[in-house]
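Asker: Sharing a structure here in structure tokens format.
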Amino acid sequence: MAANDSSVYANDDLIIVQFFISLFLCINFLLITVFFMKDFFYTTMRYIFFALTLMSDCVILMLSDVMLILTYFAYTIPTSCCLIVYVAVSVYTYVTALTLTAMTLERFVAICMPLRHRELCSTRSALHCILIIHAISALPDVIFLSIFSAYVNRSFYTQSALCSMEIFILHTWQTHITSAISQFYFLIMFITITFSYFKIMKVAKAASGQNRKSTWKGLRTVVLHGFQLFLCVFQLWCPFIEAAMLQISLELYTVVRYFNYMVFILSPRCLSPFIYGLRDDKFFVALRSFVLCGLYKKELSN
């Protein structure tokens, strides 16, 4: 009877996850569609970065959901396929975190250096930043793959196993290296966001009228980016926590993994649509116009 109850709870948990993933994917695809509808959005740096976070979140949601379903049904796949999925999720987790940091810097330039904003935050600069973000995001996985490939035979890639990070941890020091890189990235991003926050706060206190309102809104955006960044970066440490829980109990491992997935993977993905999809006036008007089939088209053009 207890086993049946446990199975029912597990099924309910999986259904809840699938509901939220489907909801967030639909919202993200809707916002991406709105982004490409108006040239102002895909020629403005902060909206380009916003679209990048949405696309990155979609990749993470879809691939992590595949891994979750495979684990839930105990379905094994070739380790080579699992490695590709793991690397993709890892890269785009860093992409999301670094893009949030870049968005914070863009707000810093817009508020603290308004005369240079057009020069520093052009479309060309945004595209260059995207390339740099992907290169920096891929670096930890290049290091991981270089170390990993030196210790396994080719036959390992043809074996089948449950898809999880644990199968790629051959030595304890691997986790130390990966953790050190994650912490270094987090430290740099934390310092960047903290520096931007205090600089914007200084400008906000000195501003007046409409500028003051706009500046304080930018400050709140930076705070939200910081919170979102914390959740995203903590996701990088989740596999190590889950591996430790697996050594204690399989049931505890399952509970912790579900909690981590809901809090540190799903939750940050609902903040991006809120920060720019609802809080940004121009994007909200465009979104409303699209959803209501152009009813507010005149308002958008103004």
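For all residues, glycine too, the Cβ spot is worked out from N, Cα and C.
Look at TrEMBL and you will find 15-36, 48-77, 83-105, 126-152, 180-201, 222-246, 258-278 tagged as transmembrane segment. Feature annotation from TrEMBL assigns domain 'G-protein coupled receptors family 1 profile' to 27-276.
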Asker: What is the average pLDDT across the domain 'G-protein coupled receptors family 1 profile' (27-276)?
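Answerer: Value for the domain 'G-protein coupled receptors family 1 profile' (27-276), mean pLDDT as a whole number: 83.
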Asker: So, does the transmembrane segment (83-105) come close enough to the transmembrane segment (180-201) to give 3+ Cβ pairs below 8 Å, pairs being at least 6 apart in sequence?
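Answerer: With 3 or more qualifying Cβ pairs, these stretches touch.
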Asker: Six or more residues beyond either end and a Cβ under 8 Å away: which residues meet both conditions relative to the transmembrane segment (48-77)?
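Answerer: Hits for the transmembrane segment (48-77): 10, 14, 17-18, 21, 24-25, 28-29, 31-32, 35, 41-42, 85-86, 88-89, 92-93, 95-96, 99-100, 102-103, 106, 123, 126-127, 129-130, 133, 160-164, 257, 261, 265-266, 268-269, 272-273, 275-276, 283.
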Asker: Please give the sequence-distant neighbours of the transmembrane segment (15-36): residues at least 6 beyond its ends with Cβ less than 8 Å from one of its Cβ atoms.
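Answerer: Long-range Cβ neighbours of the transmembrane segment (15-36): 42, 47, 50-51, 54-55, 57-58, 61-62, 65, 68, 258, 261-262, 266, 269-270, 272-273, 276-277, 283, 286-287, 290-291.
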